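Enquirer: Just passing along the structure, written as structure tokens.
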């Protein structure tokens, strides 16, 4: 019988849960409005629900009245934003994911030691903008192997590399290999800076790909890790669609006769996954559902001390 194979783990990670709860608890404690620098996570369902509760999402701190509370999103901010918040008398609450903070700390430490940092990631992504702000004159962002080949440093220069936490493990591995080939002495962290949730969701998806011929990745188009999941499937020759609403699950699926894989990005609510699953079962009523467990997750991050 044809079936849906549902990846596990999928959806919310510990950093996303912490960020959302930070906004919710702040609203409960202090009432509306609570200002949030950037979307707290990259999913419009989450953002819309928090906006209904009284969160106001802004990009410029000038939009925040003096002496108000402002929450920094899970993606992190550059030091200049923290300084501006302090100068304007804002009460800052930091919802930056702890794994992103770890990368910030490493960059600061190695920059102070005199290293030039190679930052692997999407240069326009808010996480990369935040990390780069730690030492802008000592950081070069690279997105691909061609940019590695164009780097101006010598093999003897003191270099250190880290990655955006939500990259494709496949792409990151290729870029790192190119870096190490050019710069055998380059340093990095003892463990990957791609976060555990990104690795687990990509691993869970890779695990089911030999069994399916179509994959739905439930997630927002703005979500880096959701887009990377789609690319993981496509890189292995499996058709994949990134959808964020059941209306986007269309009759296109009727063209495919094999099993269907479903996963979800780290900022995707489970109720959206279930709604897409129901739509799929309406289109193909005789589908069975099988859960494929890749690894159990039990990571929990504490809320900011202000809460």
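Placement of Cβ uses the backbone N, Cα and C atoms for every residue, glycine included.
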Enquirer: Among 104, 125, which residue does Swiss-Prot annotate as binding (2E)-4-hydroxy-3-methylbut-2-enyl diphosphate at the site that also has 42, 75, 165, 223, 224, 225, 267?
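Expert: Only hit among 104, 125 in Swiss-Prot's (2E)-4-hydroxy-3-methylbut-2-enyl diphosphate site, alongside 42, 75, 165, 223, 224, 225, 267: 125.
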Enquirer: Suppose a student reads Swiss-Prot and sees 13, 97 listed for [4Fe-4S] cluster. Which of 195, 276 should they find annotated at that same site?
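Expert: The candidate from 195, 276 that Swiss-Prot ties to [4Fe-4S] cluster along with 13, 97 is 195.
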Enquirer: Using only C-alpha positions, which one of 13, 97, 127, 165 is spatially nearest residue 225 (dimethylallyl diphosphate binding site)? These are the recorded positions in the record.
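Expert: That would be 165, nearest by Cα distance.
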Enquirer: If you measure from the C-alpha of residue 97 ([4Fe-4S] cluster binding site), which of the binding-site residues 42, 75, 224, 267 fall inside 10 Å?
Expert: 75
Enquirer: Hey, how far is residue 75 (dimethylallyl diphosphate binding site) from residue 127 (active site, proton donor), Cα to Cα, in Å?
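Expert: A Cα-Cα distance of 5 Å.
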Enquirer: Can you tell me the CA-to-CA distance separating residue 165 ((2E)-4-hydroxy-3-methylbut-2-enyl diphosphate binding site) and residue 195 ([4Fe-4S] cluster binding site), as a whole number of Å?
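Expert: Here the two Cα atoms lie 5 Å apart.
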Enquirer: Which one is it: of the recorded positions 13, 127, 195, whose Cα lies the shortest distance from the Cα of residue 224 (dimethylallyl diphosphate binding site)?
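Expert: Minimum Cα distance from residue 224 (dimethylallyl diphosphate binding site) across 13, 127, 195 lands on 127.
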Enquirer: Among the binding-site residues 223, 224, 225, 267, which residue has the largest number of other Cβ atoms within 10 Å of its own Cβ?
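Expert: Output for this query is 267.
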Enquirer: I want to check the contact list for residue 42 (dimethylallyl diphosphate binding site): same chain, sequence separation of six or more, C-beta distance under 8 angstroms. What comes out?
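Expert: In sequence order, the residues whose Cβ lies under 8 Å from that of residue 42 (dimethylallyl diphosphate binding site) (at least 6 apart) are 75, 220, 222, 223, 224, 226, 267.
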